[in-house]
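Data first, discussion second: the structure below is written as structure tokens.
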Amino acid sequence: MASNEVLVLRGTLEGHNGWVTSLATSAGQPNLLLSASRDKTLISWKLTGDDQKFGVPVRSFKGHSHIVQDCTLTADGAYALSASWDKTLRLWDVATGETYQRFVGHKSDVMSVDIDKKASMIISGSRDKTIKVWTIKGQCLATLLGHNDWVSQVRVVPNEKADDDSVTIISAGNDKMVKAWNLNQFQIEADFIGHNSNINTLTASPDGTLIASAGKDGEIMLWNLAAKKAMYTLSAQDEVFSLAFSPNRYWLAAATATGIKVFSLDPQYLVDDLRPEFAGYSKAAEPHAVSLAWSADGQTLFAGYTDNVIRVWQVMTAN
């Protein structure tokens, strides 16, 4: 891992009329980026890598009647899922932008969505304090109770073991708790206790061994999933809105209220602190990133901002 690597701002993607709340990429379609926004839409982008325009919008996904808070893609990039404050989820055909399925059952804003690698189970987390498990056809298989405040994020833990069919998911909430659940039995596996404030975001490492979680107090906690215990804490020094593990380096990116911090985890150091220039804003009112996604090859970091713009960084070797 070269310690002289830095991230360079390569371009922007503009098309949303509200905060860019979520971003998704897929290994199956490396030139596809999906974004979700407070403008109630999602946009699929074709990534060109051009210096003038890093990508172009392909289509807008319309149907939600309120803010779209989260989105994800199936591994092959053929289908998209979205979670909205209109209390529903949607499954979309990426090629056409048509809604394939609606998921109705949550009693409040749906904050988060994810899907397992076999595309057989969809999970959602809501301000109604529940996590729901769905089939791809929209049937609710289970409602998981355990959080006693808003569920802010849910994620499927990557499982690379070919002979292991178990599905573990993780969740975080405003109750300051991180939880792990076994989806084969729909049971809670572990509580991870240590945060002192609302948790906005959590994510699992690509090999499924680590969880990172963070929120209002700026403390990023790293957890060992198998041992069910805390490992160490990184200080982001500002509220954290999104976390993303690099797919091919021991890096963790954190979108904070003042910039995007990219941490190396082994050895531990700050790789970069991404703070683009914002013309025409006072320091206090500067936009900040609220969503992150790495490209599947780990060379590009996408960030969605509160000025409705997606900014694109590429990993470069510093001379």
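Cβ atoms are placed via backbone N, Cα and C, with glycine included.
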Annotation match for ubiquitin cross-link in Swiss-Prot, from K62, K107, K129: K107
Tertiary neighbours of K53 (ubiquitin cross-link) (same chain, Cβ under 8 Å, six or more apart): G11
Among K46, K107, K137, K161, which are recorded sites, the residue with the most C-beta atoms within 10 angstroms of its C-beta: K46
Cβ atoms near T96 (phosphothreonine) (within 10 Å, other residues, all chains): 10
Cβ neighbours within the same chain of T168 (phosphothreonine) - under 8 Å, at least six residues apart: V156, V157, N159, A180, W181, N182, L183, E189, G208, L225
